[in-house]
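J.: Here it is, the structure in full.
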Amino acid sequence: MCEGSRFVTGLRDFVKEYFLSFWDYETPKVMVVKNRTLGVIYRSVQFLVITYFIWYVFISQKAYQESETRPESSVYTLMKGTAVHGDDILDTVEYARPSEGGDVISTILRREVTYDQSQGTCAEHFNVANANCTKDSDCVQGEVDFDGHGRRTGRCVQYYNHTFKTCEIQSWCPIEEYAVVREPALEEAINFTVFIRNSIHFPKFKVGNIKDASNKRDMQKYLNKCQYHEEKEPYCPNFRLGYIAHKARENFTELCRTGGVIGVFINWQCNLDIDPSNCKPTYAFRRLDLRKDQANSGYYYRFAKYYRKDGVESRTLIKAYGIRLDVIVHGHAGKFSPIPTIISTVTAMTSVGICTIICDWIMLTFIDKNEVYSDRKFDEVSKWHRVFNMFLFQSPHPQKLLFPTEDTAPKTPHQ
């Protein structure tokens, strides 16, 4: 019973001591180390941390601002230009698809035309699988090859003016591969212009791009005459196709042959702490389709012009190679706000504490060979030793305590 009573008393004293110490104020011990090398390292690390936060975080990244990165955007595009193609004069209706577009617009640079096709029967192309034959039994009636041009009739016929035979099909005849006429490229398209009008709105700040409309007549004249240039005319929305191809590092002649998809990237960086009218776009251009993948590179599409000839419905099939422009809009707007400012400032002040951690590690690891600094930096307080002894033993014999205190520790002769 006596041992149990001492245990309970010791436990109560320990809990009481711990509870009272919870309300104590603790402060780090300040120790001045007269070491020039360590001082240089400490100030250098401080300088780097402070410079990082001032230059990069606050000035470059504007961490004191509240930001929005998903603006509402609309794009209107219009192709302009006229070209002479043989005896024909081509305007936007002939080569632009669509003539007035949104964020995607394309222009025809080269055409492959198959004239006077009509519904009927003709020989299948010899490159289609199982199309070559020597007798009718080689062709299955009603069979449809999805890599071919139509449904097979079951007959083996001569391939147009050649000596070999292929399976007959029901389709638009003559087939494209046999009757196609390849027209020369539209080299004059290098001077075609694309008008790109982009409007944005940042709903969080209720601000959109603001344009100077004080004199609409002068603005209209300016837009009709200007051509975009990165340095001379950075705000003109008219772009030459040749300029776009050059900035995308593409050869325009090669684009005329294979076609291609080019992305027009519009980036709005708006600092709303100043006049919103200074919110202007920057442009970048990059090829989007894979040039190394020959099977999937380039850009082309087919369309047809239908008419009636001798009472029979006919068509002219056109395979058009061209440049497709995809307009992609990004935006970022920022405005001063106290909350991100406080968070960034506290983060900067806290990060300065890294300097002390680094220097303490260097001091105790590489400089403190004789443990001179560690003896001064770390103090052992005997008060807790007495508390643990009371809790564990409550012994009436101080010399038997596990952790001797200053009062019970054996004296050495020099003490």
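Cβ atoms are placed via backbone N, Cα and C, with glycine included.
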J.: Name the cysteine that pairs with CYS139 in a disulphide bond per TrEMBL, restricting the answer to CYS122, CYS167.
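T.: Answer per the record: CYS167.
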J.: Can you tell which of CYS122, CYS133, CYS156 is bonded to CYS173 by a disulfide, based on TrEMBL?
T.: CYS122
J.: Which sequence positions outside the transmembrane segment (40-58), separated from its termini by at least 6 residues, show Cβ-Cβ distances below 8 Å to it?
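T.: Distant Cβ neighbours of the transmembrane segment (40-58) are 64, 344, 347-348, 351-352, 354-356, 358-359, 362.
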J.: When you rank CYS156, CYS167, THR193, CYS279, LYS319 by Cα distance to CYS236 (disulfide bond), which of the recorded positions ends up on top as the closest?
T.: THR193
J.: What's the number of neighbouring CB atoms sitting within 10 A of the CB on CYS270 (disulfide bond)?
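T.: Total other Cβ atoms inside 10 Å, all chains included: 25.
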J.: Looking only at C-alpha atoms, tell me how far CYS226 (disulfide bond) is from CYS156 (disulfide bond), rounded to the nearest Å.
T.: 62
J.: Taking the Cβ of each of the recorded positions and counting other Cβ atoms inside 10 Å, which one has the highest number: ASN191, THR193?
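T.: Answer by Cβ density within 10 Å: THR193.
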J.: Relative to the Cβ of CYS167 (disulfide bond), which residues of the same chain, six or more apart in sequence, are found under 8 Å away?
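T.: Non-local contacts for CYS167 (disulfide bond): ALA123, GLU124, ASN130, ALA131, CYS133, ASP138, CYS139, ARG152, THR153, ARG155, CYS156, VAL157.
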